[in-house]
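> Once you've had a glance at the structure underneath, I'll fire off some questions.
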Amino acid sequence: MHIQLGLASIVTRAVSVLVFAFSGWASTSIVARRLTGRSKSLYESSNNALYEDQDGLATEASTKAFSDQWQRWVLALLSAIWFGCALSATIITLVPPQSQLLVPVWLLGFNSIVLCLESVAFFAEPSSVSRYNLAIYAFWTSSLTITLPCAELYSSQSPTGRQSYIHLEGPTAWLFIAQITAGLLRSVCCLLIPRRPNVWHDGQVVDQEFSGSLFSRFTYDWANGLLQYTKQNKSRMDIDSLPQLRSSGRTENLYTRFEQVRGSKSLWKALLVAHWPSLLQQYLLSLFQCVLSFGPQVALYGILKSLEGRLAMPGEDTQSWQWVAALGMLLLLGSGVDSWLWWLIYSKLAIPVYQELSAMVFAKAMRCKDVKHTAAEPAGPGAEGAEEQKKSGQNTVNLAAVDARRVSDFAMFNHQILTSVAQLVISSALLVRLIGWRSLLAGITVAGLTMPVNAYITRKYSNAQEELMTATDRRTRLLSEVLRGIRQIKFSAMEQQWQDRISEKRSAELQVLWKASLYNSVLVLIWISVPVMLSAASLSVYALIHGELTPSTAFTAMSVFVSLETSLSSLPDLFSRGLEAMVSMDRIKEHILAPEKGSHTTDVDCILFENADIMWPGGRHERLEDFVLTNMTLQFPPKGLSVISGKTGTGKSLLLASILGECEVVTGSIKVPRAPSLDERHDNLATPANWIIDTAVAYVAQNPWIENATVQQNILFGLPFDGPRYRQTLFASGLARDLSMFPDGDSTDIGANGVNLSGGQRWRVSFARALYSRAGILVMDDIFSALDAYTGRHVYENGLTGPLGQHRTRILVTHHVGLCLPRTDYCIVLDKGTLKDVGSVEEVTNRGSLTDVLDELSVAESHDEEEESIENIEYIQGEEGPAAIEQPPDSNPTARTAPQKFTSDEKRKTGAISLAVYAAYIARGNRVWLWVFALLGYALYTALMVGRSWWLQVWTNSPSSHHAQMESLASYSVTQKVISIQTEGSLLHFLGIYVAISIASCVIGTGRYLATVVAAIASCRQLFNDVLTPVLRAPLRWLDTVPMGSILNRFTSDMYVLDSKVGLTLSMLATRASNIAGILIAAVMVSPWLLVLACILLLCCLHLSSTFLAGAREIKRLESIAKSPVLEHFGSSLTGLLTIRAFGKADVYVNHMYARIDRHARASWNAWLFNRWLGLRMTFAGAVFTTATAALVVYMPSISASMAGFVMSFALQFNFAVSLGIRCYANLEMDMNATERVLEYTSLETEDQAGEQPPAAWPTHGRIEVQDLVVGYAPELPPVLNGLSFTVEMGQRVGVVGRTGAGKSSLALALFQFLKPRQGNIFIGGLDIAKLNLHALRSRLAVIPQDPVLFSGTLRSNLDPFDEHTDMELYNALERVHLLSFDDTLTLPSHSTPASSVTSAWLSEIDPKSNMFASLASPISEGGMNLSQGQRQLLCLARAIVSQPKIMILDEATSAVDMQTDWLIQKSVRAEFGRNASSLLVIAHRLSTIADFDRILVMDAGRAVEFGSPRELLESESGFFRTLVENSGEKAVLEKIIYDQD
């Protein structure tokens, strides 16, 4: 061998030395610091210290398991070998003629010293992270050093006619080879050095991406452990089995950083600024990958060109083999870059952007003004305006569940815009080089004709997407409201009507989806036809100009066109995602720009109102329906009890909300003491001495907000447990006795919004939360409404004014003024939005205002202190105070079993998605024939694409002569049989068939997509209906125990996947499967050996995919499950927003959301990690197949250039087709998880809808007969009614009393057949209701619950949801419940005599102009929140009156109204029900409510302990009812009511 010397060679080596010196500076500095004793580790302070960084802390076990010793010793050994070889070569160069190599060899010797110095540095550096960073330098040092001996060996070939060369062989050559080998091994060893021990955060290991070596990181090898664990522990996998996210990937850190950079920037600009490093890497890598993607085409051109030359010079294959090697290296490099690009954009962009936006939406929601108290103005009857959507809590959930996902998806794919442009430019340059500018211009002209159509359809598609989002919001919002009010709907037997309404919204949504899909189909046609027609036109013009078409030109051009086609074919999805992202970002922007709740506190000592006009946020002062409090001038005494009273709807709750800063101050000012922030409170350091913070606020809402947690967790509300205070709180709030009846005491899980508690218990838990809190200011909204007399007095004396209530500022809204009057310090009387009177009790009494209120109580013939119920017998007989309360369960956990969970955990299947799921999806829409047609379309499309390439092979293999014979190699079998096909045809003949095939492929390609879309929409339509029906008809027990977030997850996220992804993924999978089939067919046509190789690689791919799918399925299921808590937390927090903010806990709930989003992100992160693990290995396998195909083509001399072009054009697609095909299958399996979850709900157990149809007029009378009734909530639970027997004759009014847990509410459920009899019977109107059809039964009865349920819409839509009654019937019902006065009805177009003639001066004072109930078109906001609690109860009562049932059940239905209104309502109820063959059952706490009834049913332990007339029960010597009356404190008053009745 000979080496040519020159100045350029010496300069190159000198530059290399400088690079090596730069690479070695790190090791030199490390050794120098170590020698001078100044070496300090960044993370480890000593050998015994545990490693810690921002991600987490290492454990002793992980520290012991971590080691990089063998890597360092191997590096030292290889460095020594290199040094020995370099030293030997240096000595040899001292002997002529090798002395001419003195400079390069001595430079190599110098480099060997640097390598040795690096090896020493690995032992001198104590920090593992620093050693890892040093390994990066060492890798480049080794890699660059190798280039020198490689260059010497490569240039050692002796060029003919040159004189300046030397002989290089023998020892010198072998020493160079040894150095190259040692350098390669050293580079590999550097890649194997781990970075750090595994670190832990919150008790869980952190993701190991940055714990392992560079090799592990770039090959995703750190996923192996989790993959194997998932495969072996499918049934035990949960979110806690997954590693924690790194610090930079945790939601709190991401959101904090995002908010810092956002400022006043637009959201798009903020995302760019926050993620510019990742975006820059994305764009650079994508551009690099774009350039690399054309490398195989260049190599293909080189191979085909060399094969064409092989005919003239047989045996000259050197250049061909060089192109084969180049092809293999380019494919491998491209595979690695592509895999890393997709990992980067998902892990560093898609997931973080989703986390940031979800957190931002929630954090903003926690700061937004609560506008749900203000109704939207409908655009017309039944219309839903945009304002209503903005005020919907469900719309906010959609922003995080759907819109944030769409924006993050676009962040994942946006780089394809840049790469598409780059591919277009590079493709154009290559095509100009291959076929000339005229041919390319012809193709571009044909493609340009579609641009106007493309622009028009794109605009239409964008509009359709906006319509689709709006339609989805409307459907989801309605569904959310229905689920919240499902109990009322089931009681009213209106499941079908509401299902029809939801189905109507769903149909409108699917119509828009179909319109968007049609537009998208046109775009698909354009994007398929453009590259196909581009290639057809370009090659046709080229052939016409040149008269021939060579294989190298044709197939290379075709390969470029295929790349262009692949790029352009992704544009429909890219444009779809881009347009969706723009629409979604606009929606998020609108939410972010919504007004926020401002700071309302200042440095004052007491709460002051100075001539303030107050209204709910979002309202307008001039709108009649927007209630306004005017001229409020108040000063609440510190540490005193202030009582706010007034009639129903006078603004009492609005006044409380204004203290909390939840209202808009139109004029004047409100001053509230400033409370310390959570960080300033130091709750963990609280002691009894400093427990109360005078300026902190606690709030008890009119609708108590209860978390889906245990009783204790609801009371503590995040505060530390203080045993004595906790027990005192339970006693003061009257909860001690209730907890003793719960199966798990205060560890009882009480379900979403306290569904497992009675109304009174929910109120007392909410009050206990306020009592236990550290707040010095307690703001309470009528805590006595749902309490019986004794419990109310107990709470008043021991809670409100007891030890825990004293020395705190207490502001209370109540209708029970008489109860609170003795200890009231400040009294406020409201009337029609103004201050009727204010001052001390004495001042207000002297002015007569308080006397008026007390007179109303007198008129109502009731007073809380005169009331009693059976609930209190045990209190009276044995209450011993807080000291007698048992230690809470948490204090002795070992003595208890694990508490039962009321809410059920979401189920998760394991293993592969069953074929039954796929079959069910396909069969649901009754469009099986369309699926078959689509499948045939994919097969035909592939056949056309193979046929097009085959025809091109025939064309390029034909002789130039017009009538010449053409020999074509149709197949290459084992017997090497060659079949000659004799063809004659002109150039136009070839062109005509080629263009015809191209056009046919465009039509079939579009048709298959359209068939898939139609079939998918049909399946989605039916699946939605199939899941909606059982959910609406599920037993109440299931609806109560399944979190609403889990149900909504099915109807939002899962349905979104079904609507938008499953059909597309099926289409993509079919495309890739047919592509692979086409490639295999092409391989068979050339050589069976290629088929064998392809099958081997496919088996390897299937093995890898089986490992991947075993883990990916479970992770995807976990991801779906992890989303439900996010949605549940959204809904729960928005429901309790006022309570959360009043307690100053908004930031706490934001942190809770961070944790839930992180758990979801962990599943998404690992799902994509598994995807990349598979993708890298698949693309490497594809690169091997393509390279082997090229080698076989070059090796076999009998294969012509045209046949080689044919097979290579498909082989180049194998890499992409296999990897994307398996990725599509994985995505389909993960998307089908949504189908699996939806199908799970289609098989829910539903209530039996069968049964006999009663006569049309049934019940003609309201007689109820209960015989020995035994019912329970579940077969495994004990009975709640045990042998209950009683009879209600028609026309009777029956009161039901009993302590909590006596079975009163269970009786109501049994009457409606929500609880099926285990024994006994219930006869209504002479028929056994157990044998009746449920709808027929429930539609003939009516119940008014304690918690009223209203739906957003209008007054009419709530009174008469399905337009079955006239306006006057509705107005009459409103008049009967005294929401309208007689004078109001006179202003109506027509007037009918009201059923009740009860009017009073109080009624006549209502101003018709300010009464929203005077118009049936008056808007009702979501949940009826623009009405007071009392107004909502009255509206529900009016709704029941409209239905005119024969049997009416009231469950303390007027607990939230003032006493006089209650008296008026009770009088109306008595006039409407319990007369004229109808019956009335009232479950009541106020004894005066039922004291004059015909019968009293006293219940205890599920039995009727007494049943008879009030007089009979009162005269029973030892009866329960008599005990109630005697212990009431006002025995004479109750006796007067009872005896006057007779």
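In case you wondered, yes, glycine gets a Cβ from its N, Cα and C as well.
Residues annotated as ATP 1 binding site in Swiss-Prot: G646, K647, T648, G649, T650, G651, K652, S653. Annotation comment: Swiss-Prot describes 312-580 as domain 'ABC transmembrane type-1 1'. Look at Swiss-Prot and you will find 609-857 tagged as domain 'ABC transporter 1', backed by sequence analysis. The domain 'ABC transporter 2' feature in Swiss-Prot is assigned to 1264-1526. The N-linked glycosylation site annotation in Swiss-Prot covers N233, N631, N708, N756, N1233, N1426, N1476. The region 'Disordered' annotation in Swiss-Prot covers 881-905. According to Swiss-Prot, the feature transmembrane segment maps to 5-25, 74-94, 103-123, 173-193, 325-345, 417-437, 544-564, 927-947, 1062-1084, 1089-1111, 1173-1195, 1200-1222 (among others), an assignment based on sequence analysis.
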> Looking at the glycosylation sites listed here (N233, N708, N1233, N1426), whose Cα lies nearest to that of K652 (ATP 1 binding site)?
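The answer is N1426.
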> Across all protein chains in the structure, which of the recorded positions N631, S653 has the highest Cβ count within 10 Å?
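It comes out as S653.
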> Nearest to N1233 (N-linked glycosylation site) by Cα distance: which of the recorded positions N233, N631, T650, N708, N756 is it?
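Out of the listed candidates, the nearest Cα belongs to N233.
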> Counting every protein chain present, what is the number of Cβ atoms, excluding its own, within 10 Å of the Cβ of N708 (N-linked glycosylation site)?
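Result for N708 (N-linked glycosylation site): 23 other Cβ atoms within 10 Å.
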> Taking Cα atoms as reference points, rank the glycosylation sites N233, N631, N708, N756, N1426 by distance from S653 (ATP 1 binding site) and give the first.
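It is N1426, whose Cα lies nearest.
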> Six or more residues out from either end of the transmembrane segment (927-947), which same-chain residues have a Cβ under 8 Å from its Cβ atoms?
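Apart from its flanks, the transmembrane segment (927-947) reaches 997, 1000-1001, 1004-1005, 1007-1008, 1011-1012, 1014-1015, 1018-1019, 1067, 1070-1071, 1073-1075, 1077-1078, 1081-1082, 1210.
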> Per the definition of 3+ C-beta pairs under 8 A with sequence separation of 6 or more, do the transmembrane segment (1200-1222) and the transmembrane segment (417-437) touch?
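Result for the transmembrane segment (1200-1222) with the transmembrane segment (417-437) is no.
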> Just to be sure I understand: of N233, N631, N708, N756, N1426, which glycosylation sites have a C-alpha no more than 10 angstroms from the C-alpha of G646 (ATP 1 binding site)?
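Qualifying among N233, N631, N708, N756, N1426: none.
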> So which of 173-193, 544-564, 1173-1195 is most in touch with the transmembrane segment (74-94), counting Cβ pairs under 8 Å?
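The stretch with the most close Cβ contacts to the transmembrane segment (74-94) is 173-193.
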> Using only C-alpha positions, which one of N233, N708, N756, N1426 is spatially nearest K647 (ATP 1 binding site)? These are the glycosylation sites in the record.
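Closest recorded candidate to K647 (ATP 1 binding site) by Cα: N1426.
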> Could you name the stretch, out of 173-193, 325-345, 417-437, 1062-1084, 1173-1195, with the greatest number of CB pairs under 8 A to the transmembrane segment (544-564)?
417-437
> According to DSSP, folded down to helix, strand and coil, what is K647 (ATP 1 binding site)?
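Note: K647 (ATP 1 binding site) is coil by DSSP, not helix or strand.
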> Other than its close neighbours in sequence, what residues sit by the transmembrane segment (325-345), given a CB gap under 8 Å and a spacing of at least six beyond its ends?
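Residues packing against the transmembrane segment (325-345) from afar: 218, 220, 278, 281-282, 285-286, 288-289, 292-293, 295-296, 299-300, 302-303, 411-413, 415, 1168-1169, 1172, 1175-1176, 1179-1180, 1182-1184, 1186-1187, 1190, 1215.
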> State the Cα to Cα distance, in Å, between G649 (ATP 1 binding site) and N756 (N-linked glycosylation site), rounded to an integer.
29
> Might you list, by sequence position, any residue in that chain lying six or more from T650 (ATP 1 binding site) with a Cβ less than 8 Å away from its Cβ?
L830, D831, K832, G833
> Out of N631, N708, N756, which of these glycosylation sites is nearest G651 (ATP 1 binding site) by C-alpha distance?
N631
> Look at the recorded positions T648, N1426 and tell me which residue has the greatest number of other C-beta atoms within 10 angstroms of its C-beta.
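Neighbour-count leader: N1426.
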> If H, G and I count as helix, E and B as strand, and all else as coil, what does DSSP give for N1426 (N-linked glycosylation site)?
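Note: N1426 (N-linked glycosylation site) is coil by DSSP, not helix or strand.
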> Have a look at the glycosylation sites N631, N708, N756, N1426 and say which one has the shortest Cα distance to T648 (ATP 1 binding site).
N1426
> Within 10 Å of its Cβ, which one of these glycosylation sites (N233, N756) has the largest number of other Cβ atoms?
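Answer returned by the neighbour count: N756.
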> State the Cα to Cα distance, in Å, between N1426 (N-linked glycosylation site) and N631 (N-linked glycosylation site), rounded to an integer.
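Each residue's Cα considered, N1426 (N-linked glycosylation site) and N631 (N-linked glycosylation site) end up 21 Å apart.
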> Over the domain 'ABC transporter 2' (1264-1526), work out the mean pLDDT and round it to an integer.
77
